[in-house]
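To start, the structure itself, in structure tokens.
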There are 2 protein chains.
Amino acid sequence: MTEMETIAIEPPELTLQQVFILLEQEQFDPLQTLLNEFPPKQLALMLEAMPPAERKQLWELIPETLSAETLTFLHDEVRNSLIAEMPAEALAAAAEQMEVIDLAYIMEDLPAPVRQTLEESLPDDILEHLENTLSFEEGSAGRLMSTDVISVRSDVSLGVVKRYLHLHEDLPDYTDGLMVADRDGIYQGKLLLNRVLTGDDEDLVQDVMNSQHKPILATASEHDIALFFEQSHFVSTAVVDENNRLLGRISLDYVIAILKAEADHALLGRAGLDEEADLFAPVLNSARRRTVWLAINLVTAFLAAWVIGLYADTLEKIVALAVLMPIVASMGGIAGSQTLTLTIRGLALDQISSGNKAWLARKEVLIGIINGLLWALVVSGVAWLWFRDSGISLVIGAAIVVNLVAAAAAGIAIPLILQRLRIDPALSGAVILTTVTDVVGFMSFLGLATQFLV
Amino acid sequence: MTEMETIAIEPPELTLQQVFILLEQEQFDPLQTLLNEFPPKQLALMLEAMPPAERKQLWELIPETLSAETLTFLHDEVRNSLIAEMPAEALAAAAEQMEVIDLAYIMEDLPAPVRQTLEESLPDDILEHLENTLSFEEGSAGRLMSTDVISVRSDVSLGVVKRYLHLHEDLPDYTDGLMVADRDGIYQGKLLLNRVLTGDDEDLVQDVMNSQHKPILATASEHDIALFFEQSHFVSTAVVDENNRLLGRISLDYVIAILKAEADHALLGRAGLDEEADLFAPVLNSARRRTVWLAINLVTAFLAAWVIGLYADTLEKIVALAVLMPIVASMGGIAGSQTLTLTIRGLALDQISSGNKAWLARKEVLIGIINGLLWALVVSGVAWLWFRDSGISLVIGAAIVVNLVAAAAAGIAIPLILQRLRIDPALSGAVILTTVTDVVGFMSFLGLATQFLV
């Protein structure tokens, strides 16, 4: 056995709970020592999980060497609130330590005066680099790329490359190869480190480089970047301009960041929430932000109420209808959300085209009919046991079939229409679907009852 | 300019729609030629997007060289349906082409007889390797690791390492370093390829290797693996047993697969759907699977109906209550789902501990009170304009405040309780929340009305 310990996963030497306890006990020195060893990404998660007072205390204890990187991992609102309290010099010092990609990302969200002060304090070379990065659109490969690239010419030998690399102390993270470019900086291919190691000193770069390693255009979107890496086996790839000139490189770790951000956006967006918001923002700010979603929903709810109101006379005569009507609406909502979810996923994966749309719609409607009939039977049965009124039983059964079929059709149609209108179906699809299933549910149930029971 | 074309993203030379058209026109030869160039991951997505007849046609056109890898990317149900139709020899041939990790993954889901026939046809070395992989739990690092590892001893020089690597044609994908192990196979650290290239021939491995590169235990879970890579800058890492013996390695690309699967599971799970199900499964199968979720919801809906039924006398007297009651329930449901979503995310990121639970609960309840009062005002106003009854207006306002506060409390409490019970709050939280907001909504509104208006 060696002396090295076996450590499976870096054990969380410091849990959030322990930080709260150390802060409360004012054990600032031991806490600071522990924080020194902590990955900035974890520090960011902890800061986000702290109410304002504790957050401020913790932030002041984070060593300067880690604060720049920690800032880059924070959500916008938390980061901006911390920056707002930082003295201009501290912010400038942090900015100089950041990678320019991260700096550009942060700058864009800063209030104009803070941004201006910061720009004035930055050294010229960083400022120039920053302006260059900011010239690319947010979320594009140009904005995300690192310019920390080692490039070689195709007509040199591996021996020369080896001697050149030997001059370096270390290579940038996620370097799996060197970019090959000609005298004019035009990208020609990638020389994998593997190849440098397995090749002969006399081999020329052009003979062992991989010219199938396609570059990414600086204007490519985050979504395209993620797709590109998923379909390749690359750890990093070249970024080029429209003339194929080598500008920088992007590595696989960004794909992970992109995928996590997309998942977070989808999860929170469905509840009308902003993923960049601070969990511990002032109550009034949070209340204001959430209220928009409630307002949208209220319109839906009043629409449903209006439909019910159309049948007020019927309800007055048969109160059992009021008791049972939420069941019809709710079953439709649940069945519709299943179809909606599958359709949204299919669209996101480019799995829905005019070649299978009709097939899918038919299948979903058939499922709606089958499950509609099944649950109509169950609900009718329970309604009969409850109210001993065969008319009500028949009407609720029919309404359930109608609503489940409508829900299936809406679950397919709504996302397809929204996509054509260039509205993200993942964000607004559910609200519209609920409107449909509520309106159809109440209308079919109370309408049939008015027709046949009154 | 060079002769090389600039290609940003591998252009989708073949869209799903084109495949449908080529199949319909029976242009099988040109289609097969196009498929030859297609990444297996894309082929899998296309197969999943096809109704049974077209899927069968396309599958038969996919060249044998790609079919093994394509199988590994398919969701369970689609894959098993294709395998069920494959002759035993074709399946055996595909199995031999697969990496053992993938083979193990596929084997577990096969029906016992198919599995047995397949096992009997496999060469002894693959079978042994397979059994070894299957001895680790599903989803553990041992199951996911590749055993395709190049390891070196710590007491050799970089010159020796270079000569050794030079003997290789190529290194495995995602190789960013060599594993260093002693005579007994005990893991000692990682020798980054960077270091091999930048170091001197006389340097000893032990002096330039990175012993901070912690290994992962073979029993670590997928979630832990993802966390490990997110917090490190590694492209690959060693997998060891409890005695620190080097068993294999895991690379960053698995993390992407894990993250995508987790996001998919979360998205579909919220609608009670199984992410491994076939979008084009026979209608009856799909209907049966979806019906469970409808059954769970029906219990909720009947509970709400039962609550309404308690106030049937009141409803008979004031029919406006029946018209307005869904508004109270629905506003509570929306507000509660916002709190629920934030709490579930906070739990997933380990951002909720006893140090901030009370703070968060207080904040959410305060938001409930503020938004409750605001929307109570709006809804009361509209209700008054509609029914000109100040009693009803007051009662619905009060009920909305009560339900929004209850929704906030439930949105925090439900996921915390579910987590303590080791039930995934992301899957069942929403149903339970809706039950609470429906019951509290109807009960407060109709209860107050019964008390004060009848």
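Note: Cβ is positioned from N, Cα and C throughout, glycine not excepted.
Note that TrEMBL annotation is computational and uncurated.
Summarising the annotation, TrEMBL assigns domain 'Magnesium transporter MgtE intracellular' to B:38-141. Model confidence over the domain 'Magnesium transporter MgtE intracellular' (B:38-141) is summarised by a mean pLDDT of 90.
Per TrEMBL, transmembrane segment is recorded for B:292-312 (among others).
Note on the transmembrane segment (B:318-344): residues 304, 308, 311, 352, 360, 364, 367-368, 371-372, 375, 379, 383, 386-387, 389, 392, 396, 399-400, 403-404, 406-408, 410-412, 414-416, 425-426, 429-430, 433-434, 436-438, 440-442, 444-446, 449, 453-454 of its chain, located 6 or more positions outside it, place their CB under 8 angstroms from a CB of the stretch. The transmembrane segment feature in TrEMBL is assigned to B:318-344 (among others).
TrEMBL lists B:365-386 (among others) with the feature transmembrane segment.
Counting only same-chain residues 6+ beyond the ends of the transmembrane segment (B:392-418), those with a CB under 8 A from a CB of the stretch are 318, 320-321, 324, 327-329, 331-333, 335-340, 342-344, 347, 352, 357, 360-361, 364-365, 367-369, 371-373, 375-377, 379-381, 383-384, 424-425, 428-429, 432-433, 436-437, 440-441, 444-445, 448-449, 452-453. The transmembrane segment feature in TrEMBL is assigned to B:392-418 (among others).
Annotated transmembrane segment per TrEMBL: B:430-453 (among others), in sequence order. Same-chain residues lying 6+ beyond the ends of the transmembrane segment (B:430-453) with a Cβ under 8 Å from its Cβ atoms: 270, 296-297, 300, 303-304, 307-308, 310-311, 313-315, 318, 321, 324-325, 328-333, 336-337, 340, 391-392, 394-396, 398-399, 402-403, 406-407, 410-411, 414, 418.
With helix defined as DSSP H, G or I and strand as E or B, the domain 'Magnesium transporter MgtE intracellular' (B:38-141) counts 78 helix, 1 strand, 25 coil.
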